[in-house]
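Written out below as structure tokens is the structure these notes cover.
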């Protein structure tokens, strides 16, 4: 909002961020906020003249004001395409602002200065009062000077500079520790500002070590002293390690998101499901499968019906090959939790999300019970909860299956229904004396390899009904030729197992026959070894034998 207003508001925005920093907005949130701005720089440039230059100045000001570390620029550059406006912003920040002589003063004054004392002036006053204190040893006078600065939100800088001084002048360490202790006990420096000062120093230890080789070991000795004397919270030791881990995890998630956006865009162009699955497996990050689902549907919602249809079809394939039901559920929960934000950018996002959810149930990716599970994990009156209710209504409507398969204007969804009929016909033809090779060719001609579990399911049901185990010969050949994968074979058996209660009503010995088929499949190596323990938990019975 400030970018689209006058210099006065831009200055006020920068001052406000400095005041909020540490006490209200964490350093990682500041970083994330600037990343979001940089990622949306191309869109901002459409509405705001000189958006690149203005945003570059905001980034430079954040670095000068000490709320963004200089290393942020290098990290952010790696995450942005070189052709993007966000990348240009960072280049402008470096070349036009941060590399200029006296850049701090220039950046501080660029929007006409402010009624507030500038950060650069505060830093100088802090440095002067600390040096005077080290010479005089008068802690009362030093505390008075700190109070007079009138920048309580910036007291972490007092802590940081005091600790650096203790490292530079080893004889000054006892005095520095005494001052910080007294400032803490008086309530002059808050516990959050104290912890933030230590954290800021910890972040800059690598650079500091160039001037003070023993900086890291000195810092490690100062922390326990401060904790034992009660003026640094003991949680700092724990949070310090956790922050490092959290940052590493953030970087990992960011890299994953960048990779999958490219993979999804390629899929929308090529419609090549096996290639996408190979690319996902190559990434080797199955723990982020829910994030992939969220990205896939968010990107599809912002495109045409063709891509929405492709996203729904892809979910079916992923569920069969590499995604667990838990992955799918968690992905939808992430989507629904951020539904209100999504609605700011995508018209009718709530209705479209409801269609994706309902379609996932029709496609056997989710079961109705999963919708209850998803709904229970959302806030009762939030936009996401309303979307789940809408999805339930869509599923309950007359002819829901046919309508939802056509929800994106027909296409592959309807082809799935058509494929079920074709599978039934080819199996009936084979069962009544057809040729194995011809049956395999018909399966291949369907051109829907992600749906071959339906062949397995219908073949097993037919074998039970006709009391003819000839179908097992077909499955054996399909498996030998790689036409039906071990995952699809397992999924087909799983669908039968989940629908056993209903099947037994029509085929009295269904369970006995099924157990025989399972034993046969396991001997021949058709199924995953985990079949016996990981499936049949009842979670899918609500859509048994669809």
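Residue 1 is the first one shown; counting continues down the chain.
Every residue gets a Cβ built from N, Cα and C, even glycine.
TrEMBL annotations:
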{"type": "DOMAIN", "residues": "1-78", "note": "domain 'MI'"}
{"type": "DOMAIN", "residues": "121-242", "note": "domain 'MI'"}
{"type": "DOMAIN", "residues": "255-376", "note": "domain 'MI'"}
{"type": "DOMAIN", "residues": "418-537", "note": "domain 'MI'"}
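Taking every recorded stretch in 1-78, 255-376, 418-537 and counting its Cβ pairs under 8 Å to the domain 'MI' (121-242), the highest total belongs to 1-78. Note on the domain 'MI' (121-242): DSSP counts are 99 helix, 0 strand, 23 coil. In the predicted model, residues of the domain 'MI' (1-78) average a pLDDT of 89.
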